[in-house]
Amino acid sequence: MSIRTEQDYDSATPALQQQMNLARRACWRIKSSSSESLFKNIVSAKTDTDTVPPPPSKDKNKTRIEPQTAPAKRNTSSNWRDMFSKRMLLICALVLILGISQAQARPNTIAVGVAPGKVSQDILNPVTQLNLRQSTPVDAVDVSLDPTPSVRLPRAEPLKSGDQDAGESHKMERYPLSSVDFARVKTPFIIGIWILSASIAKIGFHMTPKLHLIFPESCLLIVVGVVIGVVLYFCTDVAVSPLTPNTFFFYMLPPIILDAGYFMPNRLFFDNLGTILLMAVVGTIFNIATIGGSLYACGKMGIYGESETPGLMDVFLFASLISAVDPVAVLAVFEEIHVNEILYIVVFGESLLNDAVTVVMYHMMESYNEIGLDKIIAQDIASGVGSFFVVALGGTAIGIIWGFLTGLVTRFTDHVRVIEPIFIFVMAYLAYLNAEIFHMSGILAITFCGITMKNYVESNISQKSHTTVKYALKMLSSSAETIIFMFLGVATVNNMHVWNTWFVVLTIAFCSVFRVIGVILLSALANRFRLHKLSRVDQFVMSYGGLRGAVAFALVLLVDENVVKQKNMFVTTTIAVIYFTVFLQGITIKPLVKILNVKRANKRKPTMNERIHERFMDHLMAGIEDIVGKTGNYNVRDKFKRFDNRFIRPLLIRDLKEINELHLLDHIPMQSYERALNKNKGASASNADEQSRRHRRNSSISSRTNPFRNMNDTI
């Protein structure tokens, strides 16, 4: 049997532990019995040799020993035996001492109380004891012949894992009929409740006879958000995160801008593109410079307080995000007051195109703030100026390319009409994300993608797909607008605000005053080149309609608090400016438009005669500009249309010949056109039936009055 160590014993399984106990018991029994018998034999041999003489030899044939030699031999043998017996006694004593010490060191492995009579049996059959069944108890030892009290050996218990203990302690439950787990769906459920409550509030808002005529819809949504925020802050423990920048820019803003770009009047937009670019680029830079400089000058005077006075780069960073006109707020207000098309397209186009200026100026001031004012070199300024053209032109190019790709894909969807709206939604969204990847203007990308798709994709998709796209975009943009204003109200209720009265009041005053000054100066410059001049009333509406909204709020949340120490003060001031523009200007702009008798929008579609004369005037003015040698708006449009009809439209549009034949009827909805045709056919058929019935009735009357008429007719 191999020798086992203490580590083997500790790491053994219960069955192996039991076998090892039995084997060790047998070994120690063998050692103890053999040592005891050997000791007894040695002692008896010694006493025999000392007291009893050896018996005489009984063999008579042996030679008799002479008396003189016998004593000498006896002394020699007795000395040898004495030496051997002493050595053996010493060895046995050492063996016993070692055995006793080992027995005391290992009390769990000694077989205590075993009868001497069983030693031989254990010695003769040790293998049988090693092969005992596992169910045999270790402490079942016969102790009847041993007066020493037996010591109970420890029983080896089977190992148990933590899972088994937990399973035994856990009470088994039966399958429930129903269960409630609100924590799993708490956050999306609360968001759904918010949207549902906002939608119900919108229904009740429009059902009231006078409320919707006074307040804009955006004001109602902000109020609902504030109420929900107060309830959640004081009555529940639900942690509501504010409108984060990623949520706003990646999910809320794209549907609103795509809806505006896809259904934008393209001709009106490009006719006023010069004025829009002047207001968007020059006007935004003018506002940033004047607002930032004025706020910094007031800070140097110590108006805000010594601890809350921001630095130069911090002030211009705040001015870059607060100076831009917000497209969401403009859409929410201007679509309700129904101003004329020129005012609407100028203000809304400015809110779209100033995104490039806002993004560039915001990132420029943020980088300059990190670099430090004293470390800025000429290369940094040149890179900032050049980045404006990269961001604006790059975002526009990305949107146009994705619009062309959408037209190319929808050319082959005539057999799968169901997926046509998917391409419009997904590819426009990919254009937005593609621009954001390269830090371009995503708003410009999705705007020009919608404009491009309007020209080419609409000719490839069916009428049902066009209706689906129209109402789906309206639904998505309305829902996103609802969520934006509602979350803006919810984010207002928190304990992180830092209110500085002078900073808030001066920011609102500077935004309003410099907006008016910028519009007046730039309108005077634009009227020198415009055919339809912008009147004083138009300029007032443009300056009064410069609303701020969620874009500024999302940008101010992106400010790094470690770099800008007054971030919380900027957030509070931004919310105050948004509330001032949306509530005060949004509520009062409608009665002011009525009082000033501003020209309202005409919702009717142009007639066939108007469209023909409009096309005729375009060709005539393009010919006059060509003869004079002047490259004007009409000449550029005519050249683009020639290039478009020759190269682009044959590549992107499937049935170009059929589209050209129906191009004169594109202002008439196909359903209305078919309904009118059916109505005319039904009217003509009913008139024919009426005439035939009238003819038969007249003939019958005449036959009754003149009985000889039939005879005459027969003859």
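Cβ atoms here come from the backbone N, Cα and C positions, even for glycine.
Marked as region 'Disordered' by TrEMBL: 45-78, 147-169, 679-715. Here TrEMBL flags 88-105, 182-201, 213-234, 246-264, 276-296, 316-335, 342-365, 385-409, 438-457, 469-490, 502-525, 537-558 (among others) as transmembrane segment. Residues annotated as compositional bias 'Basic and acidic residues' in TrEMBL: 154-169. Under the heading domain 'Cation/H+ exchanger transmembrane', TrEMBL lists 195-594.
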Stretch in 182-201, 213-234, 276-296, 438-457, 537-558 most in contact with the transmembrane segment (246-264), if contact is a CB pair under 8 A: 438-457
Interface check, the transmembrane segment (502-525) with the transmembrane segment (276-296), three or more C-beta pairs under 8 A: yes
Top Cβ-contact partner of the transmembrane segment (182-201) among 213-234, 316-335, 342-365, 438-457 (pairs under 8 Å): 213-234
Beyond the flanks of the transmembrane segment (438-457) by 6 or more, those residues with Cβ under 8 Å of it: 249, 253-254, 257-264, 266, 269, 327, 352-353, 355-356, 359, 363, 390-392, 394-396, 398-400, 402-404, 406-407, 410, 423-424, 427-429, 431-432, 648-649, 652-653
Proximity verdict for the transmembrane segment (342-365) and the transmembrane segment (213-234), three or more C-beta pairs under 8 Å: no
